[in-house]
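Participant: Sharing the record's features from Swiss-Prot:
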- 148-165: compositional bias 'Polar residues' (COMPBIAS)
- 258-272: compositional bias 'Basic and acidic residues' (COMPBIAS)
- LYS27: SUMO2 cross-link (CROSSLNK)
- LYS221: SUMO2 cross-link (CROSSLNK)
- LYS232: SUMO2 cross-link (CROSSLNK)
- LYS349: SUMO2 cross-link (CROSSLNK)
- 45-127: domain 'SCAN box' (DOMAIN)
- 127-167: region 'Disordered' (REGION)
- 244-272: region 'Disordered' (REGION)
- 277-299: zinc finger (ZN_FING)
- 305-327: zinc finger (ZN_FING)
- 333-354: zinc finger (ZN_FING)
- 360-382: zinc finger (ZN_FING)
- 388-410: zinc finger (ZN_FING)
- 416-438: zinc finger (ZN_FING)
- 444-466: zinc finger (ZN_FING)
Amino acid sequence: MMTKVLGMAPVLGPRPPQEQVGPLMVKVEEKEEKGKYLPSLEMFRQRFRQFGYHDTPGPREALSQLRVLCCEWLRPEIHTKEQILELLVLEQFLTILPQELQAWVQEHCPESAEEAVTLLEDLERELDEPGHQVSTPPNEQKPVWEKISSSGTAKESPSSMQPQPLETCHKYESWGPLYIQESGEEQEFAQDPRKVRDCRLSTQHEESADEQKGSEAEGLKGDIISVIIANKPEASLERQCVNLENEKGTKPPLQEAGSKKGRESVPTKPTPGERRYICAECGKAFSNSSNLTKHRRTHTGEKPYVCTKCGKAFSHSSNLTLHYRTHLVDRPYDCKCGKAFGQSSDLLKHQRMHTEEAPYQCKDCGKAFSGKGSLIRHYRIHTGEKPYQCNECGKSFSQHAGLSSHQRLHTGEKPYKCKECGKAFNHSSNFNKHHRIHTGEKPYWCHHCGKTFCSKSNLSKHQRVHTGEGEAP
């Protein structure tokens, strides 16, 4: 969600205990080897969290230094209040997770607390599927972190679920989070990136001796994936293991319950860029479960991210963030008609109304549209496609917005409430029309005479006087 540094997504959660982190793990890019070292968001977070009072001559200096460190981490000059809040909530959420899950979630680099929850729910569903069930006393529900331990790693201590120290730096480069020692070494590496390169070079001679220990030192990621994959039914196992045949390292065979024979060893560390998560609807594959979850919303029409200001809903948190800026910041992109926008792309779409530019044309009737989405929705008129069906009465709709509005007839829900007078509405368009009564906004502009209107219907009535179809109101 925020910033990617050194080619890796920042890990916002707490760092595992120092003795479990292992040697310094830093991914070095070519430009860094030339002398350009870019500090990570995680490093700034740790500097802020681990700052000590004894490092300053007095309380005022300590407070001043804390403010500087906090700004370096949260970057309030570029991040919104909501982004900063989400960062803090995600950090605390990862802090309260059991150790068995904490580092596993960090491995997937969630962009928000909601995405971290989705990862855990996906993992829990994996473990609840047939073939993953572990015998438990009646009426006792085990949490997901206990299911992980009992479904394949019960013989291992909780500490074994944490990433194990490796003898070389490069083994974590493809998927490990960026951890920087908070000591004098940090300053040395920050001032001279060549030391990072020396660290990597000095360990290359030890690789041959470490290869036999690699399966035991793969750490948390290998343990979790082996538990999930090894316990799946055979049909699902074949699907999950696509493109894993070329993996070098394998985990020792796992013993099945009640069986003396161990299962065949399966690859545990996925190949970089491998797409193991497959959509059941269209077959599209993804490299992590969070991207699959986002993709599924294109089929379900789900929009879980709702703007608290106007009630508009979005399928992705990033789209909500962009939208929310329209409520918080100035709108620097002005149109000659006086309407302003927070993004240049919105201004371009709006200007097509003045120029009558409509680059997207329907092949059946020739009608043109300014946006591709409008053309897709229009085309369903010709095909008769109505993919959105109401579960209550079976009525179908060509657009998800139509289904959402219809479902409120069953529930009686009116989520759009006016803060000025308290009146509630079941549809955002009705709410927006009403809200213009209070603001006096008239966003619909006649390009013939320049007169403005508060609703599109009033503009259409007015334009008839120019086309000769009727008189203006």
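From the backbone N, Cα and C atoms, a Cβ is placed for every residue, glycine too.
Are these features on the surface or tucked inside, and what are their neighbours?
Facilitator: In the three-state DSSP classification, LYS349 (SUMO2 cross-link) falls within a helix. Taking the Cβ of LYS349 (SUMO2 cross-link) as centre and 10 Å as the limit, one finds 14 other Cβ atoms among all the protein chains shown.
Counting residue by residue with DSSP, the domain 'SCAN box' (45-127) contains 64 helix, 0 strand, 19 coil.
For the zinc finger (277-299), the model's average pLDDT works out to 85.
Here the zinc finger (388-410) has Cβ contacts under 8 Å with residues 301, 377, 380-381, 426-427 of the same chain, all six or more residues outside its ends.
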Participant: I need to check the long-range neighbours of the zinc finger (416-438): which residues 6 or more away from its ends have a CB within less than 8 Å of a CB in the stretch?
Facilitator: 310-312, 405, 408-409, 454-455
Participant: Restricting to the same chain and to residues at least six past its boundaries, which positions have a Cβ under 8 Å from a Cβ of the zinc finger (360-382)?
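Facilitator: Beyond its ends, the zinc finger (360-382) has Cβ neighbours at 349, 352-353, 398-399.
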Participant: Count up the helix, strand and coil residues in the zinc finger (416-438) according to DSSP, in that order.
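Facilitator: Split by secondary structure, the zinc finger (416-438) comes out as 11 helix, 4 strand, 8 coil.
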Participant: Just to be sure I understand, if DSSP states are collapsed into helix, strand and coil, how many residues of the zinc finger (277-299) fall in each?
Facilitator: 11 helix, 4 strand, 8 coil
